[in-house]
Amino acid sequence: MINKNKLWKTHNNLSLEERMEIVKKGPIPSHVAIIMDGNGRWARKRALPRIAGHHEGMKTVRKITRLANRLGVKALTLYAFSTENWKRPKKEVDYLMKLPQEFLETFLPELVEENVKVQMMGNQQQLPSYTVDAIKKAINDTKQNNGLILNFALNYGSRAEIMEAVHHVLEDIRNGVMNEKLLNEETFSRYLMTKQLPDPDLLIRTSGEIRLSNFMLWQLAYTELWFTDTLWPDFSEHHFLEAVESYQKRSRRFGGLG
Ligand code: FPP
């Protein structure tokens with residue numbers, strides 16, 4: 001009989017490079033989406049202000065982006081700010097709005113160098129101009145890149161996205177741009193903010209919460225879900241590989257018998 005504990009220990013003793021090489025031999029999820037949760041709790045455990053947790057979370061974004069790119073993941077969508085996050089204290093919202101700028105000021109040269117292509121999905125209109133400008137610059141500076149797509153979900157909410165798509169479809173039908181008879185799941189998908197992306201193969205949520213929180217409800221229909229108690233600032237490359245390993249062990253049937 002296989003001793004699971006022994007296997008697990010052996011696995012954990014592998015270096016990151018060794019573990020990566022093994023993972024790369026299996027199927028790599030094309031699109032990974034992450035609900036980065038637990039920054040506040042990470043800070044509270046250290047008696048730090050919540051924004052310190054977000055700052056630390058930003059470093060995890062860099063780490064995981066680099067790893068995903070090296071693994072050959074095609075797209076990484078990160079839930080950085082939801083349409084519901086405006087309810088947080090102003091000081092925290094202000095800080096979260098400054099994070100893309102801070103992140104990109106520091107890491108944009110590295111993203112350009114590493115062939116990462118930055119994108120964003122979400123409602124830009126309510127965002128401060130400095131947030132939009134930072135993202136637009138990153139999108140522009142990386143538009144020729146063809147490596148990992150780093151897609152920030154910023155001021156994003158899935159129900160709002162679907163409603164907006166419905167209105168857009170109706171408008172196109174009224175204007176004769178769209179034929180009602182051609183409306184199906186595939187054509188409707190093109191009205192969503194993810195129109196250039198495949199649906200995620202793997203969703204990761206950190207911090208022990210087991211819910212979707214209005215994130216990519218349409219796109220996650222057949223996605224493999226992976227939850228961990230680890231708080232986002234503590235989420236390491238090994239945790240990401242663990243999620244991919246778990247994905248590799250699952251058999252995806254998409255409703256069929258496989
Ligand atoms: C959820 O943790 C996290 C957020 C609402 C913000 C996520 C943002 C980052 C990780 C940084 C983003 C970086 C860039 C580059 C845009 P929480 O505050 O809800 O944690 P809690 O549940 O423990 O309070």
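Heads up, residue numbers simply count up from 1 along the chain you see.
Yeah, the Cβs are placed from backbone N, Cα and C, and that goes for glycine too.
E224 (Mg(2+) binding site) falls within a strand segment according to DSSP. Taken from TrEMBL, the feature Mg(2+) binding site covers D37, E224.
The secondary structure of D37 (Mg(2+) binding site), as reduced to three states from DSSP, is coil rather than helix or strand. Annotation source TrEMBL lists active site at D37.
Feature annotation from TrEMBL assigns substrate binding site to 38-42, R50, H54, 82-84, W86, R88, R205, 211-213. Cβ neighbour count for R205 (substrate binding site) (all protein chains, 10 Å cutoff from its Cβ): 23.
TrEMBL lists N85 with the feature active site, proton acceptor. The Cβ of N85 (active site, proton acceptor) has V93, L96 as same-chain neighbours under 8 Å, each 6 or more residues away in sequence.
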Checklist outcome for this item: Same-chain residues at least 6 positions away from T83 (substrate binding site) with a Cβ under 8 Å from its Cβ, in sequence order, are G122, N123, N155, Y156, G157, A160, N214
Item to check | L212 (substrate binding site): secondary structure state under DSSP, collapsed to three categories | outcome: coil
Checklist outcome for this item: Running the binding-site residues W86, R205, L212 through a 10 angstrom C-alpha radius around D37 (Mg(2+) binding site) leaves R205
Checklist entry - Which three-state DSSP class does T83 (substrate binding site) fall into? => result coil
